[in-house]
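Chemist: Just lifted these from Swiss-Prot, have a look:
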type    : residues                                                                                 : note
BINDING : Asp17                                                                                    : Mg(2+) binding site
BINDING : Asp17, Ser18, Gly19, Lys20, Ser21, Thr22, Asn153, Lys154, Asp156, Ser194, Gly195, Trp196 : GTP binding site
DOMAIN  : 5-242                                                                                    : domain 'tr-type G'
MOD_RES : Lys36                                                                                    : N6,N6-dimethyllysine
MOD_RES : Lys36                                                                                    : N6-methyllysine
MOD_RES : Lys36                                                                                    : N6,N6,N6-trimethyllysine
MOD_RES : Lys55                                                                                    : N6,N6,N6-trimethyllysine
MOD_RES : Lys55                                                                                    : N6,N6-dimethyllysine
MOD_RES : Lys79                                                                                    : N6,N6,N6-trimethyllysine
MOD_RES : Ser163                                                                                   : phosphoserine
MOD_RES : Lys165                                                                                   : N6,N6-dimethyllysine
MOD_RES : Lys165                                                                                   : N6-methyllysine
MOD_RES : Thr239                                                                                   : phosphothreonine
MOD_RES : Glu301                                                                                   : 5-glutamyl glycerylphosphorylethanolamine
MOD_RES : Lys439                                                                                   : N6-acetyllysine
REGION  : 14-21                                                                                    : region 'G1'
REGION  : 70-74                                                                                    : region 'G2'
REGION  : 91-94                                                                                    : region 'G3'
REGION  : 153-156                                                                                  : region 'G4'
REGION  : 444-463                                                                                  : region 'Disordered'
Amino acid sequence: MGKEKTHINIVVIGHVDSGKSTTTGHLIYKCGGIDKRTIEKFEKEAAEMGKGSFKYAWVLDKLKAERERGITIDISLWKFETTKYYITIIDAPGHRDFIKNMITGTSQADCAVLIVAAGVGEFEAGISKNGQTREHALLAYTLGVKQLIVGVNKMDSTEPAYSEKRYDEIVKEVSAYIKKIGYNPATVPFVPISGWHGDNMLEPSPNMPWFKGWKVERKEGNASGVSLLEALDTILPPTRPTDKPLRLPLQDVYKIGGIGTVPVGRVETGILRPGMVVTFAPVNITTEVKSVEMHHEALSEALPGDNVGFNVKNVSVKDIRRGNVCGDSKADPPQEAAQFTSQVIILNHPGQISAGYSPVIDCHTAHIACKFAELKEKIDRRSGKKLEDNPKSLKSGDAAIVEMVPGKPMCVESFSQYPPLGRFAVRDMRQTVAVGVIKNVEKKSGGAGKVTKSAQKAQKAGK
């Protein structure tokens with residue numbers, strides 16, 4: 001076996017008809033966790049339904065349908081392997097809650113793969129003012145996905161097929177607009193592919209002898225290659241934020257007979273260890289962690305990315321809840337936010353948003369109404385430059401700096417310090433109307449909170 005490969009998360013973005021499903025389906029199909037039997041079954045069904053020409057997307061559609069019906073599919077189906085990495089596709093748009101998932105998502109994507117269609121008229125539709133391509137790329141960048149790969153898809157349907165001229169034209173245009181967003185095109189591999197026929201997906205295509213390969217230049221080291229698979233191998237693996245103080249947003253709290261109160265959640269930053277004295281915010285309760293476990297096995301430490309349950313002493317299941325944040329009481333313990341300043345981008349709101357607007361904010365696992373108390377300035381969404389002070393209102397497409405006040409006690413952090421606790425989705429009318437990143441947080445100076453007996457003991461012993 002040797003050493004396990006590093007795990008990488010990618011998000012696949014692009015216009016609705018760019019061929020995202022076919023492309024991802026192809027990778028999963030050829031390098032992935034779908035066993036031969038399932039593939040044969042899918043192929044047979046696809047053929048019977050006259051969808052033979054659609055088999056890769058069909059595989060993905062089947063998986064998506066199962067996912068949407070709430071059947072949790074074997075997640076290995078969304079994984080595939082490259083020579084260096086295990087890659088998980090954490091989400092692909094087209095999914096109703098894609099934007100919300102991308103923000104509150106259980107995991108941050110390490111890289112975005114942008115698929116653009118090269119077919120006649122298709123590229124133009126995707127990149128036009130109201131195309132989704134720009135929106136998705138902007139979102140990815142705003143939410144901290146700083147690595148990008150571009151697949152120029154459907155090269156088989158250009159005029160003439162596999163046209164170098166068309167490819168060059170698209171690369172030029174996409175480079176210009178990802179640059180406006182903030183990506184540096186020199187660090188972005190561009191690959192001409194056909195997700196359907198398989199050109200340049202896993203190996204060099206004989207249909208594009210003119211394509212000499214892609215190159216990236218960056219301080220971490222230059223790279224080059226030909227296929228999309230090779231481009232995925234150039235992704236720089238994430239550094240786990242173990243050196244930051246602990247932040248663990250609670251997903252649930254269970255009461256387990258014979259054990260007691262067991263909060264469950266994912267370590268976002270720092271390390272959780274048994275014996276540690278932790279503080280829960282915004283409730284301001286401090287107690288000792290007795291044990292930590294993952295998949296029913298006791299751990300001596302839990303690291304960022306680990307979903308764990310941990311047993312806490314002298315705390316009732318009524319005291320803490322989903323959306324609370326657990327941290328180390330000795331290292332920058334989490335606190336309730338009195339208010340926070342955010343950079344917000346309005347995505348799709350039918351009317352005008354003015355001061356006083358109070359939608360629900362989804363930030364990490366918290367789901368709380370917050371008031372847009374003050375619209376401080378309207379800014380250019382790409383450069384961040386100020387356009388006007390104290391705008392009267394905001395509409396779709398606008399970006400602004402906004403002062404926000406939670407309607408109920410809530411714990412959030414600045415994006416620069418704790419990224420997963422500093423990005424949020426604004427939900428209204430059953431959709432994501434805006435996204436935001438938190439610039440700074442004014443903490444509520446809490447009085448003395450509740451410190452349990454076991455915490456006092458542990459603190460004394462630790463002195």
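Every residue gets a Cβ built from N, Cα and C, even glycine.
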Chemist: The region 'G4' (153-156): which same-chain residues, six or more beyond its ends, come within Cβ distance under 8 Å?
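Modeler: Same-chain contacts beyond the flanks: 18-19, 22-23, 115-119, 122, 162-163, 167, 192-197, 199-200, 207-208.
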Chemist: For the region 'G2' (70-74), provide the mean pLDDT of the predicted model.
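Modeler: Averaged over the region 'G2' (70-74), the predicted model reaches a pLDDT of 41.
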Chemist: Could you measure between Ser163 (phosphoserine) and Asp156 (GTP binding site) for me? Cα positions, answer in whole angstrom.
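Modeler: Just about 8 Å between their Cα atoms.
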Chemist: Pop the Cα-Cα gap between Thr239 (phosphothreonine) and Gly195 (GTP binding site) into the table, whole Å please.
Modeler: 31
Chemist: How many other Cβ atoms are found within 10 Å of the Cβ atom of Asp17 (Mg(2+) binding site), counting all protein chains shown?
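Modeler: Excluding its own Cβ, the number within 10 Å is 14.
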Chemist: What is the total of other Cβ atoms whose distance to the Cβ of Lys439 (N6-acetyllysine) is within 10 Å?
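Modeler: Neighbour count, Cβ to Cβ under the 10 Å cut-off: 15.
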Chemist: Among Asn153, Ser163, Thr239, the recorded positions in question, whose Cβ has the most other Cβ atoms within 10 Å in this structure?
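Modeler: Of Asn153, Ser163, Thr239, the one with the most crowded Cβ is Asn153.
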Chemist: Compared by Cα position, which of the recorded positions Lys79, Asn153, Lys165, Glu301, Lys439 is the closest one to Asp17 (Mg(2+) binding site)?
Modeler: Asn153
Chemist: Please give me the CB contact count at 10 A for Gly19 (GTP binding site), counting all chains in the structure.
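Modeler: 27, counting other Cβ atoms within 10 Å of Gly19 (GTP binding site).
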Chemist: Could you tell me the C-alpha distance between Asp156 (GTP binding site) and Thr239 (phosphothreonine) in angstrom, no decimals?
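Modeler: Rounded to a whole number, the Cα-Cα distance is 38 Å.
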Chemist: Can you tell which of the recorded positions Gly19, Asn153, Thr239, Lys439 lies nearest to Glu301 (5-glutamyl glycerylphosphorylethanolamine) in space, using Cα positions?
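Modeler: Closest by Cα distance to Glu301 (5-glutamyl glycerylphosphorylethanolamine) among the recorded positions Gly19, Asn153, Thr239, Lys439: Thr239.
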Chemist: Tell me which of the modified residues Lys79, Lys165 sits in the most Cβ-dense spot, judged by other Cβ atoms within 10 Å.
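Modeler: It comes out as Lys79.
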